[in-house]
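Here's what TrEMBL has on this protein:
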DOMAIN    41-360  domain 'Aminotransferase class V'
MOD_RES   K210  N6-(pyridoxal phosphate)lysine
BINDING   R358  substrate binding site
Amino acid sequence: PAVEAGIRGDVVACLLKPYAVPYRYMLGPGPSNVPPRILAAGAQSMLGHMHAETLEIMSHITSGIQYAFQTQNEVTLAVSGPGHAAMECALFNSLEPGESVLIAVNGIWGERAAEIAERIGAKVNTIVQAAGGYFTNQEIEQALVKYKPVLLFLCHGESSTGVLHPLDGIGDLCHKHNCLFLVDSVAALGGTPVYMDKQGIDILYTGSQKVLNAPPGTAPISFSERACQKAFNRKSKPVSYFLDLSWLANYWGCDGKAMRIYHHTGPVTGFFTLREALCILAETGLENSWKRHKEVAEYFHKGLEDMGLKLFKARLPTVTTIVSPPGYDWKEITAYIMKNHHIEISGGLGPSVGMVLRVGLMGCNSSKPNVDMVLAALADALKHCHKSRV
């Protein structure tokens, strides 16, 4: 192909031939493999972001998220972006400068939430547990009394440490103390029970690329009526125009207004894939999905223990954290498994760096054959990677 005059041909030579993307078993903490059915949905013809068919697809997505979250909240949508975008959307709309917020920190996602809240000028208060720990309801209530926050942030599935945090009773405590309850369920949603309405969660979000098995780039989120009252009656505008809930709610047709106004060009093909992912979850059934993830995780945990490997303190059914084998370099283990088995597993993240290996079995990847494959790859790596004296 011809290259325009004045532009060095060697600069763009890499673009003049096709790139063959290798197939990998995506068994890290995310993104997960995307099933052919979801890939095919994303390959459909492009539509305009305000076409009637696109708006209908968005309505289907809202229904799917309501099912996945177990909520009847009207303001339920998908943010155009990854899970971080949903985190910022939640914090930007529910907090104002100077307001007190309480962040439960037991891994990297609490740390990230605290930094975001600090950047928007909120008064950030934290309760902290070491990697692998979680908070009792008594500890949470003591902090609510002490700091009087307008919002509590808690990570349901802390993928950096493998913690599955209990949720029951926390929403009631928050509401008793006039506080909103915000939950990050990016790594847990669909793989373990969560009941947004019953558990009194005011803001809940997840990502498309974990248990849902869609490509990254859309992030389901839902706001309770209580959260909407706070977001829609602010003294100041949210710091982000792009993530302003009043605009997003209108674009998604969940603000009660007859006319939708252009806000941004949504990721239309991302809507196609997210809808298909939610279709698969609905066909599978939440209870069946929860049960499969639990059974596969238990099968994996037993296999690890039979190999002599130790599990980290907590057991999230979607992301398993394994104590890094003594005497081995975790980087060498993950690189060996990638090179020789075409499997992605990961080391630690944030506070768990150097402490653990992380294996994700989410959505279509949550299967006993995948467990057997990972166990065989780990055994092979431990046999061939260098082990120093401990």
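Cβ atoms here come from the backbone N, Cα and C positions, even for glycine.
No curator has checked TrEMBL annotations; they are predicted automatically.
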Between the residue listed as 'substrate binding site' and K210 (N6-(pyridoxal phosphate)lysine), the C-alpha gap once rounded to whole angstrom: 14
Of K210, R358 (the recorded positions), the residue whose Cβ has the fewest other Cβ atoms within 10 Å: R358
Model confidence over the domain 'Aminotransferase class V' (41-360) (mean pLDDT, whole number): 97
